Amino acid sequence: MHSCSERRMMTVIWSLCLIFCLSNSILAIAKDLCLPDQRDALLEFKNEFYVQEFDPHMKCEKATETWRNKTDCCSWNRVSCDPKTGKVVELDLMSSCLNGPLRSNSSLFRLQHLQSLELSSNNISGILPDSIGNLKYLRSLSFRTCHLFGKIPSSLGSLSYLTHLDLSYNDFTSEGPDSGGNLNRLTDLQLVLLNLSSVTWIDLGSNQLKGMLPSNMSSLSKLVSFDISENSFSGSIPSSLFMIPSLNFSGPLEIGNISSHSELGYLYMGENNFNGPIPGSLSKLVGLRDLSLSFWNTGRGIVDFSIFLHLKSLCSLDLSYLNTRSMVDLSFFSHLMSLDELDLSGINLKISSTLSFPSATGTLILASCNIVEFPKFLENQTSLFYLDISANHIEGQVPEWLWRLPTLSFVNIAQNSFSGELPMLPNSIYSFIASDNQFSGEIPRTVCELVSLNTLVLSNNKFSGSIPRCFENFKTISILHLRNNSLSGVFPKEIISETLTSLDVGHNWLSGQLPKSLIKCTDLEFLNVEDNRINDKFPFWLRSLSNLQILVLRSNEFYGPIFSLEDSLSFPKLRIFDISENHFTGVLPSDYFAGWSAMSSVVDIFDTTPQVHILGVFQGYYHNSVVLTNKGLNMELVGSGFTIYKTIDVSGNRLEGDIPESIGILKELIVLNMSNNAFTGHIPPSLSNLSNLQSLDLSQNRLSGSIPPELGKLTFLEWMNFSYNRLEGPIPQATQIQSQNSSSFAENPGLCGAPFLNKCGGEEEEEEEATKQEEDEDEEKEEKNQVFSWIAAAIGYVPGVFCGLTIAHILTS
């Protein structure tokens with residue numbers, strides 16, 4: 001028999017075993033919290049998209065690739081569940097490399113307990129389905145920087161718990177104020193704004209929304225941030241925005257005596273079509289920290305700038321490019337002691353030499369303000385980080401004290417009349433833009449010591465000498481533009497930095513070869529070496545730069561073939577290809593353009609490169625530019641044109657053989673110039689597939705055969721030139737072709753028909769036959785008319801004789 005102590009020991013052991021088993025069971029349950037229906041919905045959602053990096057500038061994590069069946073979905077990357085119910089409540093897939101549309105029957109909408117849905121910075125395309133309204137517990141929703149378009153679904157207005165809505169940087173549209181003919185009918189967007197009574201944060205910026213804001217916005221009583229900038233909204237700001245219930249003010253409007261309990265702290269309404277006076281009611285929003293009213297159309301009226309003096313909490317104020325004739329004293333804004341960012345671009349400014357400004361200001365943008373002297377007050381702006389005084393009328397040298405400001409990093413002094421040698425820049429400089437001035441001398445080697453330099457733009461000055469060899473030491477530079485100076489010599493062999501995205505050295509006197517070390521610049525998008533003396537073969541190695549979008553080699557001394565069996569070209573993102581006015585030779589194979597997908601029908605489906613990377617730096621204040629031949633004239637393409645303008649120019653070379661049939665797959669092409677070569681054969685009928693083509697130049701070649709009548713289907717084709725070839729036959733009668741000047745068909749002896757005066761042979765025979773037939777018909781008609789005349793005379797004669805005899809008989813009786 002067991003003793004009592006042994007029995008107690010056994011009891012303890014069994015109790016411990018039981019506790020251990022129960023705890024394991026509980027841990028097992030806790031470990032596998034995910035519900036099967038939630039797991040299935042997530043896995044189906046994963047399979048609705050394919051995962052692939054789509055933008056070299058925006059790194060993404062392939063989060064959904066780690067999701068596996070038969071594992072706890074609540075422990076998956078970017079997924080959060082309610083610990084009590086096992087329902088998925090948060091899905092954060094921002095920058096997760098997702099590509100594809102969001103379908104209306106997506107399994108996402110089965111996750112009906114979602115409270116937070118973050119899908120921004122993905123390549124999610126198509127229309128945002130109404131099914132989004134099924135997620136009725138959503139508190140936060142973000143599709144920022146996707147590829148969504150169409151109308152914002154009205155079902156968003158049913159999300160009564162929603163506090164954060166971000167649909168910015170898409171292509172959403174909305175009805176205009178008169179699109180339905182009923183000005184009293186609320187649009188879907190207006191209904192959404194009226195129903196989101198719990199929302200604190202709304203960001204609809206950078207879309208294509210238009211129309212007017214709803215007249216009654218007082219229901220948005222909890223609004224903290226409201227961003228509708230960079231759209232096409234019109235009309236005026238509804239007064240209800242300044243009358244939300246929490247506002248409280250009394251007494252006369254004097255500086256400092258307005259009090260408000262409004263939650264509204266961020267209001268971005270810039271870059272729309274708002275018009276009329278800026279409402280004085282803005283002064284009631286004394287809690288505002290950020291305010292943007294840029295590009296407001298006051299109708300050249302006078303702006304009452306005293307409105308802004310009440311906004312003592314302002315940290316950021318953007319009043320750039322107001323359409324006003326008002327001149328304002330910059331000292332007007334010196335009372336805003338919390339101001340960190342101020343943009344008054346496009347406003348006529350008066351700046352006193354004794355001006356004292358808040359030293360806390362970090363960003364100051366005074367572009368196009370008619371400033372004639374370098375502002376002296378800047379010497380005391382010890383916190384200045386970003387300075388833009390471009391497009392003014394400032395002459396002389398840049399004062400040396402500017403470079404002693406300890407935090408200065410971004411400087412834009414372009415489009416002035418600064419002269420002298422380039423100043424010695426401080427190590428803090430990250431971006432220096434000094435284009436379109438009168439700087440001269442050599443580029444100083446001290447520039448190479450700027451270890452943080454990302455952007456250097458010295459275009460359109462009078463610099464001479466060679467590109468410093470020490471440029472090879474750059475490690476961080478991304479944009480280097482030395483365009484239109486008098487630089488000579490050869491490129492540094494190890495150019496420039498592997499981080500380079502944009503290089504423009506066009507319109508100089510550079511010689512030698514294009515440095516093959518550029519092959520290391522895997523992020524290079526923009527390469528322009530036009531109008532130099534570069535003597536080299538075609539750089540086939542550029543094909544390895546998969547991000548290259550603009551390639552301009554025109555007006556140099558490049559030579560040799562542009563096709564090689566060993567080095568076939570494939571430019572998946574190329575938008576502009578200009579190799580004109582060189583000495584290229586050889587034949588192009590039929591499939592030469594097969595790999596140029598950015599100009600084909602699949603263009604840009606997964607290309608989300610933000611314009612800022614193509615256009616320039618820091619909010620787009622600098623823009624790339626190239627000179628292209630379009631419709632027979634040279635034109636400068638600047639800024640956003642790069643994103644939509646697709647052109648191929650191989651003119652002025654010695655290319656021969658047939659025009660490649662594969663040219664017909666480049667359906668996004670807008671300009672095609674193959675003139676002044678030695679192309680032979682027929683004009684390929686596949687050109688009729690270029691449905692976006694606006695300009696076509698095939699002149700000065702040796703083309704034969706007829707002009708394909710199918711070209712008449714190209715409704716956007718405004719200009720074409722077939723002159724100086726060996727074409728023959730009738731000129732097609734399509735309107736697009738017949739509207740051209742006769743010079744577009746000159747020196748083709750075999751061409752005939754309008755707009756030429758000479759008729760085609762068949763046309764002359766047809767006209768003679770038609771004329772003879774008309775003469776025969778006229779003669780036959782004349783004979784018939786004579787017969788009818790005799791019959792009519794006979795008909796009239798018989799009754800006349802009868803009546804005459806009858807009357808005579810009566811009279812004699």
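Even glycines carry a Cβ here, placed using N, Cα and C.
Quick look at what Swiss-Prot annotates:
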- 31-786: topological domain 'Extracellular' (TOPO_DOM)
- 220-244: repeat 'LRR 5' (REPEAT)
- 245-260: repeat 'LRR 6' (REPEAT)
- 434-450: repeat 'LRR 14' (REPEAT)
- 475-498: repeat 'LRR 16' (REPEAT)
- 642-666: repeat 'LRR 21' (REPEAT)
- 763-781: compositional bias 'Acidic residues' (COMPBIAS)
- 808-813: topological domain 'Cytoplasmic' (TOPO_DOM)
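Across the repeat 'LRR 5' (220-244), DSSP classifies residues as 4 helix, 7 strand, 14 coil. Across the repeat 'LRR 14' (434-450), the DSSP tally of helix, strand and coil residues reads 5 helix, 5 strand, 7 coil. Remark: secondary structure over the repeat 'LRR 21' (642-666) totals 8 helix, 7 strand, 10 coil, with classes taken from DSSP.
Looking just at the repeat 'LRR 6' (245-260), the mean pLDDT is 38.
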